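This report refers to the structure that appears directly beneath it.
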Amino acid sequence: MGRVLQKKKNRSSTPKQKPKRTGQLKSGKKKINVLGNAIIAQNWDRKLTLTQNYRRLGLVHKLNAPTGGSEKRPTKDGRIEELPEDPLHIRGSAKASAKQAAMGETRVERDPETGKIIRVIRDEEEIEIGGRKVKPSNPLNDPLNELSEDEAAQQPASQRANAKSAIVQQLERQADQEGQAVKAKKPRHQSKREEEWIMRLIERHGENYSAMARDRKLNPMQQSEGDLKRRIRKWKANHSS
């Protein structure tokens with residue numbers, strides 16, 4: 001029999017105290033270690049916010065377009081610095097995308113039966129190449145071609161300075177070195193015992209891989225037929241010369 005007090009606790013509606021979840025925020029989202037990189041940790045200013053630190057380092061803390069609350073800094077002549085919107089930002093809603101649409105007149109092509117708009121005809125869409133109508137300024141339909149070439153000149157000096165800061169260059173060099181290290185990684189070599197095991201399988205079953213996979217004595221770990229094929233193919237390649 002259990003104690004009466006313990007039974008009352010089990011029936012109580014008072015929530016039990018849950019163990020503290022390390023690495024998780026109050027909102028339930030996973031806590032991200034922004035100082036996981038040694039270069040960023042060395043240049044991180046704890047007095048600044050995450051957005052301010054990333055802007056100072058020349059990085060971006062999110063790809064989505066800002067929806068408000070961004071900091072507007074005054075320039076030397078007393079005006080407010082207007083940060084131009086990055087055209088590569090991900091739009092969060094259709095309303096935000098509609099605000100970017102230029103107002104004007106254009107021609108449309110409608111379906112003669114339903115009256116629905118099939119396509120919008122603009123002045124620069126009159127060129128036809130290979131049976132397809134393309135823009136004269138973008139015959140290959142490159143989505144990045146529509147970005148302004150003078151975009152860098154329109155940005156403020158503070159943003160242009162951070163575009164290729166020394167920290168960004170260090171991070172790029174680090175990423176390049178890690179990529180080269182992965183490419184130069186030596187492949188796994190089969191051990192002597194693995195080669196002896198493969199030889200015993202071939203001596204007993206020949207090229208019958210399905211029988212090898214079903215063999216409980218020689219294949220106690222129940223390696224699959226495809227895995228055995230890959231191991232034997234690698235063994236043959238090493239012993240062919």
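Placement of Cβ uses the backbone N, Cα and C atoms for every residue, glycine included.
Features of the protein shown, as given by Swiss-Prot:
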COMPBIAS  70-89  compositional bias 'Basic and acidic residues'
COMPBIAS  106-122  compositional bias 'Basic and acidic residues'
COMPBIAS  155-172  compositional bias 'Polar residues'
COMPBIAS  209-218  compositional bias 'Basic and acidic residues'
COMPBIAS  230-241  compositional bias 'Basic residues'
REGION    1-30  region 'Disordered'
REGION    64-195  region 'Disordered'
REGION    209-241  region 'Disordered'
Chain residues in Cβ proximity to the compositional bias 'Basic residues' (230-241) (below 8 Å; excluding those fewer than six residues from its ends, i.e. six or more beyond): 190, 194-195, 198, 201-202, 209, 223
Number of helical, extended and coil residues in the region 'Disordered' (1-30), per DSSP: 8 helix, 2 strand, 20 coil
